[in-house]
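Per TrEMBL, the features are:
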- Lys13, Arg14, Ala15, Leu16, Arg17, Arg141, Leu142, Gly143, Tyr144, Gly145, Gly146, Gly147, Tyr148, Tyr149: ATP binding site (BINDING)
- Val59, Glu64: substrate binding site (BINDING)
Amino acid sequence: MALEELNTSEDRKRALRREIKAAVAALDKGYTKEADLQIFRHVAGLPEYEQAGTLFCFVGTSSEIDTAPILEDALRRGKRVGVPRCISRGIMEVREIRSFRDLEAGKYGIMEPGAHAPVIQAEEINLAIVPCMSCSHDGRRLGYGGGYYDRYLGRTRAVKAVICRERIMRADIPVEPHDHMMDKVISEKGVRRLVGQ
């Protein structure tokens, strides 16, 4: 069944997630390594990154973009670095890390700060580096379906930059009222600053 034949945005999102998961599994390791390095360079070159006192960034899993260089660079520069911690279904908070030793495997095997790490409030964040399964060039983001990021991003005025490899970007991502548009889309090809930025 084609995506356009599916009835609801949620049906289309589920089908698109299956398609993207297969596309990610088929990506060449050489491509992902080089793309991730270029994405790091583009993030590090953002004026908003340079100026950010407090950065929010996820820890990439094996199928996601490797964010270790971003986290390492931000820590080296003395930025306050916040990483998501899953609290309950669909709810996360951001906790500060001072090194990778502050991370432990969480509920889904995702590395996250321990319970002892200080909480960073949403309003303290200057720049949020956001994951996705896929996104469009115009800032529509397809998440993993849990709603964690959409709920959290609604509470912060931080600049929201989604990072995504070009080969898994899609133009046909459905948007629902609870979905948050991104301010910037960053891929290995560069930074797209969206309207108002």
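Just so it is clear, glycine is given a Cβ too, placed from its N, Cα and C backbone atoms.
When the alpha carbons of Glu64 (substrate binding site) and Tyr148 (ATP binding site) are compared, the span between them is 16 angstrom. Of all the Cβ atoms in the protein chains shown, 14 others lie within 10 Å of the Cβ of Tyr144 (ATP binding site). Of the binding-site residues Ala15, Val59, Leu142, Leu142 has the largest number of other Cβ atoms within 10 Å of its own Cβ. For the pair formed by Lys13 (ATP binding site) and Val59 (substrate binding site), distance between Cα atoms is given as 23 Å, rounded to the nearest Å. Here the C-alpha separation of Tyr148 (ATP binding site) and Val59 (substrate binding site) works out to 14 Å. DSSP assigns Lys13 (ATP binding site) to a helical segment in the three-state reduction.
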